[in-house]
Structure formats: C-alpha cells, structure tokens
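Q: Pasting in a structure now, in structure tokens, and then I'll have a few things to ask.
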Amino acid sequence: MSEAEARPTNFIRQIIDEDLENGKHSMVHTRFPPEPNGYLHIGHAKSICLNFGIAQDYKGQCNLRFDDTNPVKEDLEFVESIKRDVQWLGFQWSGEVRYSSDYFEQLHNYAVELIGKGLAYVDELSPEQIREYRGSLTSAGKNSPYRDRSVAENLELFAKMRNGEFAEGTACLRAKIDMASNFIVLRDPVIYRIKFADHHQTGNRWCIYPMYDFTHCISDALEGITHSLCTLEFQDNRRLYDWVLDNITIPVHPRQYEFSRLNLEYAIMSKRKLNLLVTEKVVEGWDDPRMLTVSGLRRRGYSAGSIREFCRRIGVTKQDNIVEMAALESCIRDDLNENAPRAMAVLDAVKVVIENLPAHHEQTICMPNHPNRPEMGTRQVPFSREIYIDRADFREEANKHYKRLVLGKEVRLRNAYVIKAERIAKDEEGNITCLFCSCDIDTLSKDPADGRKVKGVIHWVSAEHALLAEFRLYDRLFSVPNPAAAEDFLTTINPESLVIRQGFVEPGMQQALASAPYQFEREGYFCADSVYSTSNKLVFNRTVGLRDTWAKNGE
C-alpha cells in the first residue's frame, strides 16, 4: 500500500491510541476472520482495510483466520480466493494463515470446562423447539426440560455427541446463561451442534462443530488479539463474547469493538443472496464484473488502490448509513484518469471515406499515451483513406450545440486532420452506411491556415488496420437503490446491466494485457477481460464511464 495514502482517524484508532498511551497494550494485534463460504465483496474490503491498515500503521500484526466452523457451506475454492483477494488489495497477514479449526481440540476442552462448571448442558429439544422456547423481543424464553441435567450426565452425553452417537438435529450443547435475559443472544445459546460432513481442513475427524459466537472469542484470545473489530450487527453478541471468556480459564481477554457495515446503493451485500445470483445464473459467477465482489471488481478493471481509497473516504463510524454508488465510481474514475493510457475505440462504427486522399494512402501519426503525463510516452497509430467513426458522432442536421460532424460542415479527427462531410450513402431502410468526406491536408495536428474555427474533436480508427473487438458495457446490477428491501430482490435486476457491442480498436490493442486499464477516448475506461479476451478475439469490459451519468434517483 502506498505511503501516499493518507492515514485516517476514527473512533477505533482513538481507542488504540489511548490503549497504547496508558500501557494497556504494547503492540496492536488485529485479525480478519472471514467464513470461507463465498467470495469477498466490497463490504469485506472495508474490514480488510480497517484491520490490516491499523496493524500496518501501528507496526503491529494482523492475522488472517478462516472461521471454518460449518463444513457444509465451506470450500477450499473460497479459501484460496480470499487469500488472493487480501493480497491483491495490498495486504499481507502475519505469520501463517490460521483456521478456527486449528483450535477444535482446545475449543472442545473449553466446552467441557463449561459443562464441568455447570454452565453448559446437552439439550435434546429439536431446532424448532429451541427457537420456540427462546421467546421474542417482547416475551421471555422458557427453560428447556433438559436444562437441569447433572454435570456427569452432560459430560457423558457430550462425549456421545463427539463419538457420533446422536443424529444431526437430535442434540446440541447450549451455554447455561439466562432464558429471561433482555438480550436474546444470552438465552442459552447453542455453542455446539452435530454435522456429519467432511471438513476441508480436518476431514472427518469431527462430527460436532462449535458455533461462531463460541469460537470467535476463544480464537481471538488464543491468538492474542488486542482489538477484535466487528460490524454493528454483532453489538449484542459482545455480551456473549465477554461471558464465554469470563467463564473459562484463559489468560487473555480481548475486547470487541463494533463499527458500521458498508451499505451501498444499488448493491447486495448478503452472501446468501450473492450466492443465489450465481446459482440462478443471473450472473456468470462470483467474478462477474457486475458483482461487487473483490474478484468481480478486479475483473471489471477496478484497481486495488481505488478500493482502498474508497474505504478511506467513507471512513469508520458507529452510525449506519447508505453510501452512493457514485462515491465508489468516483474513486476508480479519479485513479484511471490519472494512470490509464489513452487509446481509441469505436463501439458503433460507420465508415468514412476521405475522397481527396489517394486510394492507398497510409501514414503513421504519433499520439501521446496520456495528455498530461509525457513520461508515459507515445504510440504510433496508422491513418488511412478509410476510417471508422462512431455513428453518434454524425448527424445530417444539427443545432449549434452539436459539436461533432454534420453534413456540409467540419470537425477535427483526434491528432489528425480536419474533415468535412460532403455526402452520405444509405441502405434500403434509410440507415447510413458510409460517409464521404474531404480533408484539409494542411491541418495535420494544427489549425487551418485561413484562421477558420473548427469546433469539435472526434475519435477514429483506421478501417484498414482496425481490430475487431467486443465491448461489454456494464452498469449497476440492480435498478433500484435498495434491492434488499424488495420482496423478491431478483425482480429488481437491471435489464441493461450488460450491453454487448461489436466495434473496433486501434491495432496497438492487440497485445492488451488482461485487467490493464485504458481510457478509450470519449467512450470511457476499459480493460481487457481476463476470461474471454484473447489475441484472436479481443473483449473489453467497461470499468466506468468518463463521468457520472446517474442522478440520485437512479434515472
């Protein structure tokens, strides 16, 4: 991560500053604990930047720990993708990758300790009955009939659970806290359940698996985490976090702090719903460029720096808010405007014949790769008698505000000549098939000698040298600002979230590297698609337009 990226300040950093100043901690130790049941999204990027950024700024440590306590939903594919995404974002975890499953034996022993203290019991209510007995926000829960089993009986039954003598759903281990608590999370939460499923790290060695709230706090303590940072939905869970650590024999007691999660307009952050988009084939996969997964953003052409900058700009607070999509797009637009080399592409081509040039006219024009950064060099672009321009850059008639090519009037070709539209050809349906123009041969990259003013500059590619290319114009996947609020979020899919066009690019794009950014002049920022683009078939993804074209109401 660049040192030029400004160090932020927020309430968490203020807490850390106080802890270091008063000697509570001598070093900061954070962690990023994703569950490997899906790909990371932009919301996880905020947590990554917070946890790894704090460790980096305070010269501390940050662990990458996989919360792998549910083998049914987890997969090594997700483990590898998460590691790849963290590193791509510019961060490196301390030491080896860690897994909650590394601590399964210790977690089991702590569960046994709670049983021995009369603070946990084996319950044989069904999952449905447990939910019913738990009560609601307005009514207290009621005790399970199995709550007062003896320590000896609970130890025996828990051993049978571990040995696979109970079927799934017929028994679980619950913490014995308070069924009348105002906090539902403290109403005898389940801390172990039975799952007969192979685990990607431990195989079939276990058939009982600890729940997140039991695992998380103990894993933090075992790793010496000083500041356990979670999003606000875990605020009530902090009471259980502290209860577990207060009631087991463990020397370290980390503290949990909550911050607001990222809520972004026109986006879904639920892994379950993101998975549904994939399984229902609404999108191609987790790395579909319309998905706000880290891999999807990377494939679309977002840089790691732009995502870090977005996370810096939105900051870290305790108040939930909704961030406009324009804020994310602004970060990548600023990045690419500064760093992306320029090139020319025509997405909806119409041929232009410059009749006063010789039939086989060909020349090379030197163009800057960036108008404001000479250190990025130049490129040689071929120019010929026949070129392509964008269909939207010509009108037979237009008012004075239209500063492109009009029949009988002039326009400048980017870094080339001033041309004049003399006549047009149309097909039987009235569609323009060709423009016949003349050029002022003395205007190559300079103004007309007679001083006449030519307003408007358009881009072009040489028809003889142009490369056929596919352009994937991506837009927001959802058509409403808050798709999660819809009864069926799938009904809010934007039908124009992907528009595919066939066009042409200048020949230098033949060797465009996957994900390398370009500004196609007057069209937007694009990159070669990492999946479909080859030297024989060029496919470019639009990362973002040159300017924000969405009003706040999404129109």
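Residue positions begin at 1 at the first shown residue.
Positions of Cβ are set from backbone N, Cα and C atoms, glycine also.
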Q: Given 113-117, 258-262, 268-272, which one carries Swiss-Prot's motif ''KMSKS' region' label?
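A: Result: 268-272 is the stretch Swiss-Prot calls motif ''KMSKS' region'.
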Q: Given the ranges 34-44, 353-363, 441-451, which one is assigned the annotation motif ''HIGH' region' in Swiss-Prot?
A: 34-44
Q: For GLU35 (ATP binding site), which residues in the same chain are close in space, meaning a Cβ under 8 Å from its Cβ, but six or more apart along the sequence?
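A: Correct list: PHE66, ASP67, ASP68, THR69, ASN70, LYS73, GLU74, TYR212.
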Q: For the motif ''KMSKS' region' (268-272), jot down how many residues DSSP puts in helix, in strand and in coil.
A: 2 helix, 0 strand, 3 coil
Q: Express the predicted model's confidence over the motif ''KMSKS' region' (268-272) as a mean pLDDT, rounded to an integer.
A: 94
